[in-house]
């Protein structure tokens, strides 16, 4: 966990780190934007839904909650589908589901029907796009992967800044039904992004080398062996604790400003500040994480980002005016962007390409429980105390605790244990090499200079993008 896993891909393919990978990165940017921003952007239609169906705000809030629950909770299902059918077909089906859910929701006559369409169907469609896009990004990038993760994660704040005003315009011009219909059409772009996810395969080999590869055991639909990796277990535990408090401040900061007596537009501007800072924080953090000295220790950079975020929450609890909340949003945007850029990069570094498709599904399932518990429990605390200070303090403590679990667990439980067997294996290999060298005749020895020259003459081959009639669009 303290070092980056050397990854050659599921079939021994070296990541291209460019080429068609930039198109994959563009698709991942759009998918990440829709997946994280869409549940928040739908909230602009809540007032009209309340007026239409005669319900309360808590009833409409379930739409966003169901969307997020489907995005996180269906992680294992997405892993099974990807391991069975591949990333590209799953994303194409997911794009159709996401669009179909919103289109059907525009004809609904009750809030329960909207739960099932805009919540369950659209949420499942976004989940079937989000997870495979990250898997493909991991396969196409290796050396530039931290930067690629930072750029793709920037899709979340960019789309949030774009979809929220767009939703307000659509509601004003066409009502909530017309707005849902147009947003459903926009979600068809997920299918276009899915079409960009071309599979990677190794360079063509002779028929003799193909036969052993075909006899290999089939890939598991959901690989639970990741739980044998101590680094993965610690990461999952830390991520679950982090999610309890990570999303709480953005949810309550606007209400905090309103309770201090500021206008609705001025209070809402706080989220614009947060999102604007977040846009630049994610790619910059990705660039920093890709530095030679930093990348092997990216887990500690991730821990620092979480401590920074938790400390910002604790300081934000002391804000008593608008200027204090603005400063809070600036620093929260920086720390939130760092967390967003590093969370999947660290997971990729821990488990590698082969197990990432299963690992991300299991991690998202664990986080789904925390996503459903975090904001509602903070709301109950606010109802009981009537003070936002305690809400921000609890959120800060939870995020800081997760950082300590990750950093200390990595330092004491993983690093030391992994070094001992590694050195023993190296010692055993050296002994065997020494014995074989003693037994080998002088004529059989090969000059090391000739071997090095032979290796230099044969260039390293990257994976090739495969286009076939079945998957090509």
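We count from 1, first residue shown onward.
Every residue, even glycine, has its Cβ placed from backbone N, Cα and C.
Automatic prediction, not curation, is the source of TrEMBL annotations.
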Message = Under TrEMBL, the annotation transmembrane segment belongs to which of these stretches: 269-291, 430-452?
response = 269-291
Ask   = Under TrEMBL, which of the candidate ranges 131-150, 151-170 is annotated transmembrane segment?
value = 151-170
Message = Check the transmembrane segment (151-170) against the transmembrane segment (97-130) for contact, please; criterion is three or more CB pairs under 8 Å, pairs 6 or more apart in sequence.
response = no
Remark   = Quick tally over 60-85, 176-197, 232-257, 322-344, 356-376 of CB pairs under 8 Å to the transmembrane segment (269-291) gives the top stretch as 322-344
